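Reading through the structure tokens given below for one structure.
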Amino acid sequence: MALMLSLVLSLLKLGSGQWQVFGPDKPVQALVGEDAAFSCFLSPKTNAEAMEVRFFRGQFSSVVHLYRDGKDQPFMQMPQYQGRTKLVKDSIAEGRISLRLENITVLDAGLYGCRISSQSYYQKAIWELQVSALGSVPLISITGYVDRDIQLLCQSSGWFPRPTAKWKGPQGQDLSTDSRTNRDMHGLFDVEISLTVQENAGSISCSMRHAHLSREVESRVQIGDTFFEPISWHLATKVLGILCCGLFFGIVGLKIFFSKFQWKIQAELDWRRKHGQAELRDARKHAVEVTLDPETAHPKLCVSDLKTVTHRKAPQEVPHSEKRFTRKSVVASQSFQAGKHYWEVDGGHNKRWRVGVCRDDVDRRKEYVTLSPDHGYWVLRLNGEHLYFTLNPRFISVFPRTPPTKIGVFLDYECGTISFFNINDQSLIYTLTCRFEGLLRPYIEYPSYNEQNGTPIVICPVTQESEKEASWQRASAIPETSNSESSSQATTPFLPRGEM
């Protein structure tokens, strides 16, 4: 009896000395294109520096990220996760580990696990990653009418998972409908629902609801009482004759009008181009030497000759610094608190970059922040083919005549303006207006790695040669050609000067 009691007490003592692994206690939510964070910890607190930490997808052998022998083991990862994960080990001595998964896609949705093991013991935790994408505002169109019935079609795209689509009547009642759903090449859902209504239908709405996000987007159309008002055939004949005459004279008038309008538009474009060139020439008088501070660069950004930033696939071994960004960013060694300053940045053929200035006191440890003036950033952003500014709480899109690869940045501290120039055609892209406070530093962000098309981002010298090159590129981009080509140029939107 005493032997049995001793054995039980020994087992209890052994069990009480072990630890458990805890992960997220509810599904992790993430939006397509953003990042997700998975946190695991040991309880009670136990140093995990000498342990193996394995994040896996569904089953143990499907490795998302592996930490072993005191370092990451990237060669063990599944191909779809290589270059997209980062293990945060700041608190690993206390048994707390976090994994960040970047650039979420719909294919990432599913079950994930964290397994922590010592030489004689292991535990794991399982959780679910739920991926969501909020689609476009529904577009309602009238596709026709048959026997005094209107046929409506509602379309919305870019959803995940499939949304709940509904037609609703004037009193909010659900209406029966036919629906069709397709998936695009990225796995997102495109939804179409159709409806047939009669005259006097009133206000009809089409809504798409996202279950995970509890978000709903809606559009409405008003069907008037006289939509189907019958007309006599005599009246129809008269109306048709009037329309034909009006169409004939309208075409003649429009041809005359547009021939005059085209000349005015071209003259306006020439004036704006010359005005932008004059502003650029004035800005270049204030050119300053800008060099990058390697101590501020993210570990995946390699700074060479203090002018060039290259995005590496894997992070470099860099010394710890309070000045270093956790975003894929770098700032200049120079700071400005007064005066006028101009410099140029060559973004190459990269599809994503951010260029501008930031306050010297921005929180560099915060990885997720809106690059807006409210947070101390004044930047021009390129995302794919879209060029825009972030002005909290809204975005401002701009449409340059020539896609810019080289950007000129002009800061006038006292006037509270920062202007961005397209060096390719010497045009002014946009001017932001704000009241600056404190030190400002030139800022570059290089957010994504592209092995095939990625090129370095370079701080360029401001020289007369660059101005001649820009004039040659502008002549190539905007040739003096026939009227038909000039007309197509004249439809390009003018760029506004913006204020916050």
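Backbone N, Cα and C define each Cβ position, glycine as well.
Screening N103, N453 against Swiss-Prot annotations picks out N103 (annotated as N-linked glycosylation site).
For C154, the disulfide partner named by Swiss-Prot from the candidate list C206, C244 is C206. With DSSP states grouped into helix (H, G, I), strand (E, B) and coil, the domain 'Ig-like V-type 2' (133-222) comes out at 0 helix, 61 strand, 29 coil.
Using C114 (disulfide bond) as the reference Cα, a 10 A cut-off selects none from the recorded positions N103, C154, C206. Residue counts for the domain 'Ig-like V-type 1' (19-132) under DSSP, split into helix (H, G, I), strand (E, B) and coil, are 12 helix, 58 strand, 44 coil.
Neighbours of C206 (disulfide bond), defined as other CB atoms within 10 A of its CB across all chains, total 27.
C114 (disulfide bond) is surrounded by 26 other CB atoms, counting those within 10 A of its CB over all protein chains shown.
Here the C-alpha separation of C154 (disulfide bond) and N103 (N-linked glycosylation site) works out to 30 Å. Counting every protein chain shown, the number of other Cβ atoms lying within 10 Å of the Cβ of C154 (disulfide bond) is 25. Cβ neighbour count for N103 (N-linked glycosylation site) (all protein chains, 10 Å cutoff from its Cβ): 14.
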